[in-house]
Amino acid sequence: MPLNYSKWDALELSDDSDIEGHPNVDHKSLVRMKQRQIHEERAARKFKISQSEAEVACNKVILPRLQTIHASLLTPPPPHTSGLVYYNQQCEQLRLNPSPDKPPTTSPNQPTYDQMILSLLLQIAEKVKDVQGEEEKTRKLADELTFHMGELTKHTKELEVEAEKEKNEQKKKITSDDVTDGFDTHYQPPAPEPTPLVPQKPKKAKATTTEIEVLNPGSVGKGKEKEEDSEVLEEEDVDVVPEMTPHLTEFSHLPMFAYEKSFHFIQRYRDVVVPGASDALLVAGFRAQRAGKSKYAKQCIHQSLLLQYGDKLGVDGLGMFFKKMISGDARARSVFEQDVEKTYGHLVQRVKAAEEEDTEEGGRETIQLVPQDANQTISFNVPDGPPPENLVLEGPGTEEWDVEEVRKMLQYRWDVYSSFPVAFQEALKTDKLEEVNKVLGDMEVPEAEQIVEDLQEAGIMSFAEGGVIDQTGK
């Protein structure tokens, strides 16, 4: 079977050894001249094609407008009384109120479409100005317009044929411009599965036992019992209280019944939907209710139930659940909202029962802030208000800071401070540790613990070194 090399016919080799010239001329110089000639011809061909296509596009915009003027010249639309009046009115409008639209070229002196049409209309008007009689002049104007439209149509067709011819010539040879990526693949490893908040319980190890048969079973000591599987020592299962992660904390602060926001947040942060997340939200709601933050407690219950419903509905449970909620399914929304109210009411009763148990046990525990040593001082950075709209960072080292990040931090600090009870806010303003401890001593332990945690997260409480000693019950 003969080999077919026809696929290489379109390959243009500019440095081929077939180049022949005068023996006194260096062959390398001839090759470079041939290369330059080929590249110049390519550039000229590309420029000619682009020019022809641009002119064709311009003519296709102008020709319909000339046809409209020609038709209105023969049959003038109201309120024009004659075609000549319409013609003069069009010239005046194009002169006084031209449109800025023009062909998309890089030329700084490129005229607009209205300027080109006005130039043609004025040329025609100058040519027929000596014609006597309004009807005769209108007829001459129409004839001249017909002639120019015919010439424009003819020239446009010639340009299209010429551009097509140059394109066919361009396709005969393979150039670097024709080389494109057929396809491209990149391996992107899948994102790792988020770590569950509650570790899975280890499987119990099974131990094999060996029984020895004796002739006189009665002589075996009665204190020795038969070895069983339970002989293997196993650690007792300890209930682990799931803790809130930063993303889960942000998720818990989303407004209630804002299903689209919650769904977008879950799609963005996968670590929200992990085993133990709903339990962590319930625990956070319980603590918030004991701290007197009923609104936040209800938000935690709401977000926890969102995750629970999605988990109960199966593989794509979250998608199915949010689809019903976002679409406004009245029955589904009613069931969910009733469940939120019922669960929150149950939480309130549990908190009351826990508080009653604490009261019956007697002895009240408190939270106090105490420095680790005598040389350490605890101070409080109390914000004056929310960050201003025009936030300016001044001082050495602030050039690399992000203004928006600083604004978010200041806004978060103000929001945390505003959520504190009024008495605690007044104590912070004094910047005295005794006043702050006095107010903390009047609070319940969960509420005080939450406030101390908020103080540290928002950067309101600062100390020189070490940490804070929790003297609960002292």
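Yeah, the Cβs are placed from backbone N, Cα and C, and that goes for glycine too.
Annotated domain 'Cdc37 N-terminal' per TrEMBL: 2-186, in sequence order. What TrEMBL lists as compositional bias 'Basic and acidic residues' is 163-176. Taken from TrEMBL, the feature region 'Disordered' covers 163-182, 188-237. Sequence annotations record features per position, and here TrEMBL assigns compositional bias 'Pro residues' to 189-199. Under the heading domain 'Cdc37 Hsp90 binding', TrEMBL lists 191-366. What TrEMBL records for 228-237 is compositional bias 'Acidic residues'. For 380-474, the entry in TrEMBL reads domain 'Cdc37 C-terminal'.
In the compositional bias 'Basic and acidic residues' (163-176), helix, strand and coil residues by DSSP number 10 helix, 1 strand, 3 coil. Averaged across the domain 'Cdc37 C-terminal' (380-474), the predicted model reaches a pLDDT of 78. Assigned with DSSP, the residues of the domain 'Cdc37 C-terminal' (380-474) fall into helix, strand and coil as follows: 49 helix, 7 strand, 39 coil.
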